[in-house]
Amino acid sequence: MSRVLSLQNLVSFFLCLLLHSLTGEGVAFTFVNRCGDTIWPGVLSGSGSPRLETTGFELPAGSSRTLQAPSGWSGRFWARTGCSFDAAGRGSCATADCGSGQVECNGAGGAPPATLAEFTLDGSEGRDFYDVSLVDGYNLPMLVEATGREGCAASGCVADLNRLCPAELKVGHGDSAACRSACGAFGRPEFCCIGEYGSPDRCRPSAYSQMFKSACPRSYSYAFDDATSTFTCVGAQGYSITFCPESSPRYSTVSSSLFLLVASLRRETHLLTCFVPE
C-alpha cells in the first residue's frame, strides 16, 4: 500500500509541475508606438534567461504588441529607427541596429546610442527590478509603467534629448538622430567608469550625465546612478513600454537648467564646442 501511495504522490507531484509550467505566472510586456513613424523594437534575453517568442519585430506608428516572459526572466528592450528591410526581412537600421542584417536580432544587442529598458523579473524577495538607461546613449523617448498593480513607480526618459544634445555627442540627423553618452563619444575612463574609475567613489557624474539626469530624472544617466534610477515592483501583471509617450515635455521646460550645466562643462573640460538645439 505504501508503495502505491508513494507512486501516486510522485505522479501528483509531476502533474503539478506540468500544470505550473503550462499555467505558471509570467509577465506581459506591451510595446506601444506613439512615434510618428514605424520603429523596430529589439529584444535581448539575459544570460541564463530563455529567448522570448521574437528577438525583433516591426511596430508601425499607433500600434502595439504584447510579449510574454516567464517568471525569473531578465533582459532588455530598445527601439531601432530609420530601418530599411526587404521582403525577406533583410536590412539595417540607422539607430540602435543590432547588426544581424535582419528584423530579428538573434541574440545581439542594439548598437549605441540607444535608449534601453532593462528588467529582472521575480528577483530578490520576489521583486521585479526595472530601469530605463541612457548609459549607452539615447535615440528616442521611452516610458516604462507597471500594469495590474498600483503604487509602482514609472521609469523613463520622456524628454526629446535629440533636440538638447550637444554637438559633440550628436550623431545623425532628422529621424536618424541620436545622442551618444560621454563614454561612447570620448571613451575616457572617467566617463566610462572603468580602470581606476571603476567604483562609485571614483566615478562621479560628469556634466554630460548631469545634463541627461536633469532632462530625465527617472533614468540611468551613468554607470553608478543606481540610487535614483532602479525601480522595483511586486505583483505586477505586466509592464507597458511606450515609445515617444505623449507626455513628453517640451524643450522649454528643461532648457535653462541644461544651458547652465553646459556652461559649467565648458569651463571644466573645454570639450564642448557648441550647444545647438534643432
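The chain as shown is numbered from 1 upward.
Note that Cβ sites are derived from N, Cα and C of the backbone, with glycine treated the same way.
Under the heading disulfide bond, TrEMBL lists Cys35-Cys244 (among others). Under 8 Å, Cβ to Cβ, and six or more positions away along its own chain, Cys244 (disulfide bond) finds Asn33, Arg34, Cys35, Gly36, Leu140, Pro141.
Shown in sequence order, Trp40, Arg80, Thr81, Gly82, Cys83, Ser84 are the residues of the chain, 6+ apart in sequence, with a C-beta less than 8 angstroms from the C-beta of Cys93 (disulfide bond). Secondary structure from DSSP puts Cys93 (disulfide bond) in coil. What TrEMBL records for Cys83-Cys93 (among others) is disulfide bond.
If you look up TrEMBL, you'll see Cys98-Cys105 (among others) marked as disulfide bond. DSSP assigns Cys98 (disulfide bond) to coil, not to a helix or a strand. In this view, Cys98 (disulfide bond) is surrounded by 26 other Cβ atoms within 10 Å of its Cβ, with every protein chain counted.
Under the three-state DSSP scheme, Cys152 (disulfide bond) falls in the coil class. Taken from TrEMBL, the feature disulfide bond covers Cys152-Cys233 (among others).
What TrEMBL lists as disulfide bond is Cys157-Cys216 (among others). With a cut-off of 8 Å between CB atoms and residues at least 6 apart in sequence, the same chain places Val132, Leu134, Gly156, Cys157, Val158, Ala159, Leu161 near Cys216 (disulfide bond), listed in sequence order.
Look at Cys179 (disulfide bond): DSSP puts it in a strand. Taking a C-beta cut-off of under 8 Å and a sequence gap of six or more, Cys179 (disulfide bond) has these contacts in its own chain: Pro113, Gly137, Tyr138, Asn139, Leu161, Asn162, Leu164, Cys165, Leu169, Lys170, Val171. Feature annotation from TrEMBL assigns disulfide bond to Cys165-Cys179 (among others).
Here TrEMBL flags Cys183-Cys192 (among others) as disulfide bond. The number of other CB atoms found within 10 A of the CB of Cys192 (disulfide bond), across every protein chain shown, is 19.
In this structure, Cys203 (disulfide bond) belongs to neither helix nor strand by DSSP; it is coil. For Cys203 (disulfide bond), the same-chain residues that are 6 or more apart in sequence and have a Cβ closer than 8 Å to its Cβ are Glu190, Cys193, Tyr197, Tyr222, Ala223, Phe224. As annotated by TrEMBL, disulfide bond applies to Cys193-Cys203 (among others).
The signal peptide annotation in TrEMBL covers 1-28.
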* Structure fact -> The answer, for which of the disulfide-bonded residues Cys157, Cys193 has its Cβ ringed by the most other Cβ atoms inside 10 Å, is Cys157
* For the disulfide-bonded residues listed here, Cys83, Cys152, Cys165, Cys183, Cys233, which shows the highest count of neighbouring CB atoms within 10 A? -> Cys165
* Report the member of Cys35, Cys105 (the disulfide-bonded residues) whose C-beta atom has the most other C-beta atoms within 10 angstroms. => Cys105
* Asked: Any idea what DSSP makes of Cys192 (disulfide bond), helix, strand or coil?
  -> helix
* Between Cys192 (disulfide bond) and Cys152 (disulfide bond), how far is it from one CA atom to the other, in Å? -> 30
